[in-house]
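Novice: Pulled the feature table from TrEMBL, pasting it below:
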SIGNAL    1-19  signal peptide
REGION    94-129  region 'Disordered'
COMPBIAS  102-111  compositional bias 'Basic and acidic residues'
COMPBIAS  112-121  compositional bias 'Polar residues'
REGION    143-174  region 'Disordered'
COMPBIAS  151-160  compositional bias 'Basic and acidic residues'
COMPBIAS  161-170  compositional bias 'Polar residues'
DOMAIN    181-318  domain 'C1q'
Amino acid sequence: MRVVVGLLLLLLGLCGSGAQGEAGGLGEVAEINQNTDPKDAAEESTEQTTKQTYPDIWTELRALRDMVVELNVHMELLQRENSVQATELVSLESRLTSSESKTSDLEKENADLQTRLSSSESRIDQLERENAVQATELVSLESRLTSSESKTSDLEKENADLQTRLSSSESRIDQLERENAEKPKVAFYTALTDAGQLGPYNTDITLKYSKVFTNIGNAYNPSTGFFTAPVKGVYYLQFTVFGCSAGHIGVRVYKNNQRIMHNWEHNNNDYFPEYFTNSLVLELTAGDEIHLVLPSGHSIYDNSDNYSTFSGSLLFTL
């Protein structure tokens, strides 16, 4: 801009001095033509020839003026372009600032992401190692599971068989319980007396075992000394006879009024204990009676130690 202004000032100065020179030259030429001699006229002719070159300078000045005009037009275009570029530059600077700010944020975010990525990669490595260990354990567990399932299947089959057998056994138990519930339960156990020695007497006497310890079914009567079979069946009977005096000790076993056994021992010494035990298995019908008899001339002894006893039970019904 300053260069253009300088050129304009130079052109204006040259135009002014050229105009003055042209006017002065014309007057001087007229004066020379009137006042000088031929020699001077030759010199003046040379000067006039030189001054005729000034029109070329005006041509150049006009060309320069046109150039200045063009430069002004170009300068205005450049100014407009500069204005547009300045606006664009402001916009670009704003965008650049925004971009730099965003770039800074992205760099921070990338740094955070890099940190998180490093942590994630470390965690992934750890998880991969854990997964490898778990895979090994899983293979082992699958093998154990297969073995366990096979064993479980075998146990289920065995349990099914046991369940079948158990159901059968329970059914049989229920049946036996019902049968046992329907069967009478008969058992008794007694001792003779606390009085000491009985006998010898001149006649047979029925022994009444008065100390009753067991009497299931109430088939034994301590008042009479008789055992009465409540049902038809096979019965087991047992007795023990004890004596401690010289003489005979013994008993007879009666079924109803029929004697079916006679057991005795002879003791040769007083106060010397003697005893024996015997048992019977009898088939009885309901109402049959069993009792023991002390024969005449025989003795038997009992006290709180329960030396002499009588017992029996039902083995099974018929």
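All positions are counted from 1 along the displayed chain.
Glycine is treated like the rest: Cβ placed from N, Cα and C.
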Novice: Report, as numbers and ranges, which residues of the same chain sit near the region 'Disordered' (143-174): CB under 8 Å and 6 or more residues beyond its ends.
Specialist: none
Novice: When the region 'Disordered' (143-174) is classified with DSSP, how many of its residues are helical, how many are strand and how many are coil?
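Specialist: Per DSSP, the residues of the region 'Disordered' (143-174) fall into 32 helix, 0 strand, 0 coil.
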Novice: Counting by DSSP secondary structure, give me helix, strand and coil numbers for the region 'Disordered' (94-129).
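Specialist: The composition, in the requested order, is 36 helix, 0 strand, 0 coil.
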Novice: Go ahead and report the DSSP secondary structure tallies for the domain 'C1q' (181-318): helix first, then strand, then coil.
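Specialist: Computed counts for the domain 'C1q' (181-318) are 2 helix, 82 strand, 54 coil.
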